[in-house]
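Supplied in structure tokens, the structure appears directly below.
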Amino acid sequence: MVAARYLPPWFSVAPMMEWTDNHYRTLARLISKHAWLYTEMLAAETIVFQKGNLDRFLAYTPEQHPIVLQIGGSNLENLAKATELANAYSYDEINFNCGCPSPRVAGHGCFGVRLMLDPKESLLLKQCQLLLPTQVFRLVLSAVLVLTITIHIMSSVILYIRFLRNHQLGISSYMRGRHCSMALAQLIIEKIPPLKYEYYYALLRDFPDLRFTINGGINGVNEVNAARGEGAHGVMVGRAAYHNPWNTLGHVDTAVYGVPPTNLTRRQVLEKYQAYGESELRKYGLKPNVRDVIRPLFWSFPLGAWKWLVEAQS
């Protein structure tokens, strides 16, 4: 469930594989205290089959709250088991990926957008029915619902929403305002297709009792506030939050939430992050190494990152 002790998810950092890891989230939280942070997507099988090593994949510091775990997969039994195992880590939400167009996801094991290929026999609806009894926190079953160029998948989205309404489940949906084609997924990701925000706002009108967060092509807090001014319940930002965390996350607390900033300077953020990084090195055998830990710094703190890397290797 959305924890009452935190401000609403008006701004969230999108789950990005190999990007929104523990290191990035630690840096992001130093810059913004109120942005909602997502893990990178974890396959349900990773959680289930690493049962004796879960801290490596699921542990995080308390400072990262509010935080959301995203799980992906299509095996109903493994999804249910993964949800139960993850509940022990007290994530504020558990988010189910049913829309990732990446070929690493959509083409393997019926992950991501493939879950909605057949509106009549949607695996997504079956997963909803199985997973609902397993939840301790509210399980947010729709992660980044990708609008696609096929009417079949769009129909499946509508069936899914009707299912949630029929079961009287308060649910949050994350709509990515881009077309998606699995056959062209990599090309689409690289070249960025046109946005279809009108689909998102149509859902707001058609399903006023549900909450939807928009994702795609939003690059700063001014655009976030503009979307919210148009009625968006929440806004999810991806690349801009990773590639330019200081100038994006640095304004979230004041401009989006209207609360005082952290007042940390870049130097202070870097010093705190360095202390964190040094405590994390080699925590799990050879990982994480220095390159793993400093990767998030290269965008906002390139000189500090290089200095740390050189000192570590000298």
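Cβ atoms are placed via backbone N, Cα and C, with glycine included.
Curation plays no part in TrEMBL annotations; they are all automatic predictions.
Sequence annotations record features per position, and here TrEMBL assigns domain 'DUS-like FMN-binding' to 13-120, 192-301. Here TrEMBL flags P15, M16, M17, Q70, N215, G216, G217, G238, R239 as FMN binding site. What TrEMBL records for C100 is active site, proton donor. According to TrEMBL, the transmembrane segment annotation covers 136-161.
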Would you mind checking how many other C-beta atoms are within 10 angstroms of the C-beta on P15 (FMN binding site)?
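Total other Cβ atoms inside 10 Å, all chains included: 26.
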Pairwise over P15, M16, M17, Q70, N215, G216, G217, G238, R239, annotated as binding FMN, what's the top Cα to Cα distance to the nearest Å?
21
List the same-chain residues at least 6 positions away in sequence whose Cβ sits under 8 Å from the Cβ of R239 (FMN binding site), in sequence order, or say none.
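Listed in sequence order, they are M16, N219.
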Give the residue from the binding-site residues M17, N215, G217 that has the most other Cβ atoms within 10 Å of its Cβ, counting over every protein chain displayed.
N215
